[in-house]
Amino acid sequence: MAGTLAGAGIVWQTPANPPEAQDYIFHNGRRYVRPYYFEFISHVKNRWAEKTIVDLFTEEFKGRPREYYAHAVKCGRLQVDEQMVHADYIVKSSQKISHFLHRHEPPVLGGNIVILQNEVDVVTVCKPASVPVHPCGQYRKNTVVGIMQAEHGLAPLFPVHRLDRLVSGLLIFAKSADRAESFRQQIEANLLQKEYVAKVVGVFPDGERTVDANVNFNAREGRSTVEVCDGSGKALPSGKQACTKFQRICTDGNHSIVLCKPVTGRTHQIRVHLKHIGYPIANDELYLSGNFCPRSSKGTSINRATSLACSSLSSDPDCAAEADLEFDIDAMCTNCPNLAPVGYDGDEEGLWLHCVRYTGPDWSFECPYPDWTSLDNVSRKKMKS
């Protein structure tokens with residue numbers, strides 16, 4: 001439930017506050033979240049104990065400078081057990097720490113989340129690329145779960161499977177914990193079949209091709225690698241067994257549309273298996289080369305004194321809604337006057353990887369193909385090599 005910080009006159013949201021339709025701002029093809037005041041709650045871990053509260057936040061949460069945290073403690077925006085403390089306060093294990101801040105969520109692509117089927121206990125949607133499935137990291141309202149609640153009143157929703165943030169396509173939600181458990185049991189019993197389409201570099205060979213190669217995900221780097229076998233032919237122990245089946249749908253001589261059937265479900269499995277066999281996804285910057293391209297750090301600046309006129313935006317019929325870019329500026333916020341958090345420039349595009357079908361023992365759900373599967377010089381039919 002929302003609360004008010006003593007003496008500040010600011011209403012602070014918590015995870016209990018549901019997203020609402022008016023929370024979103026659409027601008028230049030992106031969906032933004034109007035910045036809002038939020039209470040982050042954490043509890044002191046054993047390795048955090050016996051540190052000063054300022055040292056703790058400076059070392060563990062590096063997105064803001066030490067001066068910010070010192071000022072936040074002084075102003076009561078960093079509290080311990082709901083009490084103001086001084087900058088030299090030593091935290092103890094299990095204590096509750098509240099960080100009250102002006103929250104800016106990263107933007108996502110502005111496409112609608114289309115409901116495909118809405119049944120008694122299941123709802124399926126076409127997830128736009130760049131939108132996370134559920135709250136994680138800096139994303140809370142700008143998620144499929146948040147948007148479905150804000151725009152369609154559907155809550156709670158239980159994701160049956162995951163799609164990476166940059167991947168689009170079919171997403172299945174159970175409407176109850178019991179139905180979610182039924183899906184989970186089918187997944188554990190390997191009773192589900194999954195199908196994706198990808199746009200890859202080059203002319204993919206005709207016929208079905210199976211890639212059976214272990215995948216090792218490096219969480220620190222945010223990327224996977226295919227395991228290299230040692231001289232004895234045994235895979236290195238750190239990778240997880242992974243298998244994907246591929247079949248070409250069509251090609252124009254420069255790119256190919258490929259049907260991908262992952263037998264297992266490892267992180268970035270389809271992406272790294274395609275790279276492994278020499279046909280990476282054509283706009284996958286993470287796997288097209290050995291160099292990872294981080295986000296731009298330019299940010300998205302919205303002048304604190306300027307409200308953009310409708311004429312300066314695109315000719316979208318919803319121009320009036322896009323022009324509503326005003327939001328509260330917070331004097332302590334390290335992101336204001338930007339609309340997006342520092343580090344996001346709004347140039348991100350979706351990956352050419354799309355989930356089209358999930359099939360279970362007695363059910364099947366599908367999602368339409370995206371526009372990028374229609375190559376310029378061919379119709380969607382198999383071409384002979």
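Easy rule for this one: first residue shown is 1, then count along the chain.
Cβ from N, Cα, C; glycine included.
Going by TrEMBL, these are the annotated features:
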DOMAIN    121-276  domain 'Pseudouridine synthase RsuA/RluA-like'
ACT_SITE  ASP164  active site
Proximal but sequence-remote residues of the same chain as ASP164 (active site) (Cβ under 8 Å, at least 6 apart): THR267, HIS268, LEU351
Average model confidence [pLDDT] within the domain 'Pseudouridine synthase RsuA/RluA-like' (121-276): 93
